[in-house]
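Here's the structure, in structure tokens; my notes come after.
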Amino acid sequence: MAMEIHLQNSNVENLPPHVLRLVYKEISALAADPPEGIKIYPSDEDITELHTAIEGPEGTPFAGGVFRMRLVLGKDFPAVPPKGYFLTKIFHPNVGHKGEICVNVLKRDWKAELGLRHVLLTIKCLLIHPNPESALNEEAGRLLLEDYAEYESRARLLTEIHAMGASSGEPQDPNDGPQPKKHAGDPLKRAGPSAAAVPASLGNGASGASTTSSNSSSSTNVAGKKKADKKRALRRL
């Protein structure tokens, strides 16, 4: 996947050229061969911010969901680890209320040679094996340890609400919703004679609406005339 780099973002401008080349090379490799269950959405404007979508692993409360996430590379990358954020709301011990991710690979276990692929795989594994000992969401961490059934229920509920359906996956334009399949042929022909009658019924509906509007206008005129007559009668008193 070809990408153009526009040096407009401050992080891009602050990264040395050799680091930019390494980041560009790694993101290109990720886009061409993404890890299983992870989609990559490179930006052609800022390669220091990588958007991804992670499929919820089977056997977890997140199964069936698609969780949007972004990695932000700071001006000191790769000496300093990237920051990770879930954009899709999720009930997980290691994800804060603002989407921030707490995982050791993004903190004390970070090494410059690990690379972005390792980070993405580690975050996906975090959905399988949460770590309640370093919880950002204390309630989720407590339930995981004390009442797994309730934790699973809460996590599953948020998955169904926020990570399934049209709101999940790649960010969409408001006009990019499901469209009619152009190759499927004429829908009226497929539906048979009853469907062919639909336009006529719609026409009758429009005519009925027009008649109703006309009747309403006439009633308004009559009411107005009566009101004027009443005023004239009052003036004569």
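The backbone N, Cα and C atoms fix where each Cβ goes, and this holds for glycine too.
Automatic, uncurated: that is what TrEMBL annotation is.
Worth saying up front: this structure is predicted, and the values here are computed from it rather than measured.
Pulled from TrEMBL, these are the features on record:
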type: ACT_SITE; residues: Cys102; note: active site, glycyl thioester intermediate
type: COMPBIAS; residues: 200-221; note: compositional bias 'Low complexity'
type: COMPBIAS; residues: 224-237; note: compositional bias 'Basic residues'
type: DOMAIN; residues: 18-164; note: domain 'UBC core'
All-chain count of other Cβ atoms within 10 Å of Cys102 (active site, glycyl thioester intermediate): 18
Overall pLDDT for the domain 'UBC core' (18-164), taken as the rounded mean: 95
